[in-house]
Amino acid sequence: MNRKLLVAGNWKMHGSLAFARDMMAGLKSGLPNDPGFDVAVFPVYIHLYEVINNKPEGIYCGAQNLSEYDDGAVTGEVSAAMLQDLGCDMVLVGHSERRTMHNEQSAEVAKKFAQAIKHNLTPVLCVGESLVQRQSEQTFAVVWQQIQAVIDEVGMAGLASGVIAYEPVWAIGTGETASAAQAQEVHQFIRSQLASNDDTIARRIRILYGGSCKGSNAHELFSMPDVDGGLIGGASLTVRDFLAICEQADKLSQGDK
Ligand SMILES: O=C[C@H](O)COP(=O)(O)O
């Protein structure tokens with residue numbers, strides 16, 4: 001099954017309104033017309049409106065987090081309905097920085113995923129193991145537990161409305177990228193586990209790789225049969241670096257992939 005590649009830039013807690021405008025102008029002039037791959041950016045909440053109003057047609061915009069609640073007395077949180085109302089298309093859930101720095105547990109992440117699909121946002125479920133977990137051969141167990149929690153909450157049909165991003169924690173922001181073979185091994189594991197529940201959904205769902213992905217390694221990573229693009233942190237923060245990754249996705253989308 002042909003899955004469209006997705007190149008997604010997670011700006012994390014970087015940027016300014018001027019940065020958001022400049023990035024959108026740069027992508028408008030630098031991206032191919034009608035690309036054969038999808039592009040998304042994830043600014044901080046307060047820059048979403050700027051991006052939504054300046055983004056080139058066809059680019060998706062998403063938030064980096066959302067509340068697990070519908071509404072109410074939850075100071076500092078933002079609901080899925082609010083993101084949808086603003087014009088967001090997507091939202092990250094369970095990024096490792098939220099799991100570690102904000103102690104988000106898989107059950108909470110699953111509730112956030114459910115909120116996203118209830119409000120027609122595409123959730124990007126981030127999963128991945130720490131270095132210690134990899135060294136103690138727990139990678140598959142950790143990653144599957146994180147995905148299973150979401151399936152328990154929304155079922156396979158719910159999961160199918162989202163995207164999965166495999167981000168080994170040891171590769172995030174470290175400059176140390178998983179090799180293409182290491183990424184493929186985990187992506188293939190995820191897809192085969194999903195296939196034992198529902199083969200059609202397993203073949204259809206996109207699984208992105210994240211962790212020190214850049215222009216120089218994107219082609220090799222995205223060429224892997226079960227890698228459907230990337231969730232990019234550091235290299236999404238300049239037009240040049242982000243377009244260098246998009247260029248590789250463009251080449252692949254015009255070729256065999
Ligand atoms: O969400 C993006 C990932 O955390 C990857 O970040 P990075 O590309 O800076 O390693």
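Each Cβ is built from the backbone N, Cα and C atoms, and glycine gets one as well.
Nobody curates TrEMBL annotations by hand; they come from automatic prediction.
On a predicted model such as this, the values are computed, not experimentally measured, just so you know.
Binding site for substrate per TrEMBL: N10, W11, K12, S212, G233, G234, plus G173 from the candidate set G36, G173, G255. Taking a Cβ distance under 6 Å to any atom of ligand 1 as the criterion, the recorded positions N10, W11, E167, S212, G233 reduce to N10, E167, S212, G233.
Rounded to the nearest whole angstrom, the C-alpha distance between H95 (active site, electrophile) and N10 (substrate binding site) is 10.
The C-beta environment of G234 (substrate binding site), restricted to residues of the same chain at least 6 apart in sequence and closer than 8 Å, consists of G173, S212, K214, D241. When the Cα atoms are compared, G233 (substrate binding site) and E167 (active site, proton acceptor) turn out to be 11 Å apart.
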